[in-house]
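Listed features, source Swiss-Prot:
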BINDING   Leu120, Gly124, His125, Leu126  (6S)-5,6,7,8-tetrahydrofolate binding site
SITE      His228  site 'Plays an important role in substrate specificity'
MOD_RES   Lys229  N6-(pyridoxal phosphate)lysine
Amino acid sequence: MSLKRPLSEVDPEIFRAIELETQRQRNTLELIASENVASRAVMEAQGSVLTNKYAEGYPGRRYYGGCEFVDIAEDLAISRAKELFGAGFANVQPHSGAQANTAVYFALLNPGDTIMGMDLAHGGHLTHGSPVNISGRYFKFTFYGVEKETGRINYEKMFSIAFEHKPRMIVAGASAYPRAIDFYKIKEIAAEVGAYLMVDMAHIAGLVAAGLHMSPVPYADVVTTTTHKTLRGPRGGLILCKDAERYGTKINRAVFPGVQGGPLMHVIAAKAVAFKEAMEPGFKEYQRKIVSNARALADALLERGFELVSGGTDNHLILVDLRSKKITGREAQELFDAVGVTVNKNAVPFDPQPPNIASGIRIGTPAVTSRGLNEDDMVQIAEIMDYAIEHRDDRGKLEKARAKVDEICARYPLY
């Protein structure tokens, strides 16, 4: 067996799967709000020899020899993350956002403590207390949500819930909330009831880095995020805080040896590259285009009779309630897949359907904006979506919709 043989020879089945996925990404419009297109530089770092190196511990304090060069990569990732977000502390080792959240819970709380998070059915996340997740099994959760009439967080009601339940931690952030979140107000609520504030900014980290959304770092005790999504890095997690002296050691110990063993040094190097890219002038303009594209897409959908939760968007994400179109989220996801538009079915607040069917879809603009699509293209995408739903039973017309998607993809090649 030779270590130098190419993948196509060693494992043609996996090579074929990668080729097929590459073609899928090239030939479809990616509207899943949590997905993006990593740069060649990020992928080069992630596919480097750093994948060979075990490095349990932290820079300068490893349990293995030969870590002097991976220490350089991790130190760069830490310093860049701190600079990018104005933080006093950063841990770049979490393998995912879920593990970042879990580490924070175990760093600051004891099993059985009460946490208040956003209801999954209203746009929260599994790791914010779902009973099927470790968070909901080890801690007692109470939930806040959105108003039925507005689709927005009611901060006064949020305070009432916090005052009643006296949580030890409040978790802010969401996976399907299209509006700006006021972290200052939530910090006031947390302070009033004596709770820690943890902000999960996984979806909006890129917008925060670009100054297009209020940063939670000055207000939260701890901030977690993924490093992909709007940040456009590798799939991974990150923990930040302002007060390194108060929280740094606790967080480091909770990550390693608490919930993880060896860090993924190739992924950490890719994170460092992504943080550097996010500090370049063009990144802020890219984030502006994400938001302007999302608003253009939202407006175009509204004009075509789609109902949007909260009536629009302030960020990269749109939550579409499809009940007025007489189609479920699952049916729409399958329909749009057929014409080359990738979305995910998603529950809407107060959804009568079960999650595996759902009444809505969640869409977003990070990936299509990375490809270069503009506001005019968003109008065309809305037209395609509306046309596909209207003619969902007409194969010939669905083929026409697919052809329009092919035209757009040809104008904006992937890589």
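Even glycines carry a Cβ here, placed using N, Cα and C.
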Other residues, Cβ within 8 Å of Leu120, Gly124, His125, Leu126 Cβ centroid ((6S)-5,6,7,8-tetrahydrofolate site): Gly117, Met118, Asp119, Thr127, His128, Gly129, Ser130, Asn133, Ala174, Ser175
DSSP-derived class (H/G/I helix, E/B strand, else coil) of Leu120 ((6S)-5,6,7,8-tetrahydrofolate binding site): helix
Nonlocal residues around Gly124 ((6S)-5,6,7,8-tetrahydrofolate binding site), in sequence order (Cβ under 8 Å, 6 or more apart): Gly117, Met118, Phe143, Ala174, Ser175
Number of Cβ atoms other than its own within 10 Å, given for the residue listed as 'N6-(pyridoxal phosphate)lysine': 28
Least Cβ-crowded entry, counting other Cβ within 10 Å, from the binding-site residues listed as Leu120, Leu126: Leu126
Candidate nearest Lys229 (N6-(pyridoxal phosphate)lysine) in space, where candidates are the binding-site residues Leu120, His125, Leu126 and distance is Cα-Cα: His125
Sparsest-packed among the recorded positions, when each Cβ's other Cβ atoms within 10 Å are tallied, from His125, His228: His125
Pairwise Cα distance for Leu126 ((6S)-5,6,7,8-tetrahydrofolate binding site)/His228 (site 'Plays an important role in substrate specificity') [Å, integer]: 18
Separation of alpha carbons, His125 ((6S)-5,6,7,8-tetrahydrofolate binding site) and His228 (site 'Plays an important role in substrate specificity') (Å): 16
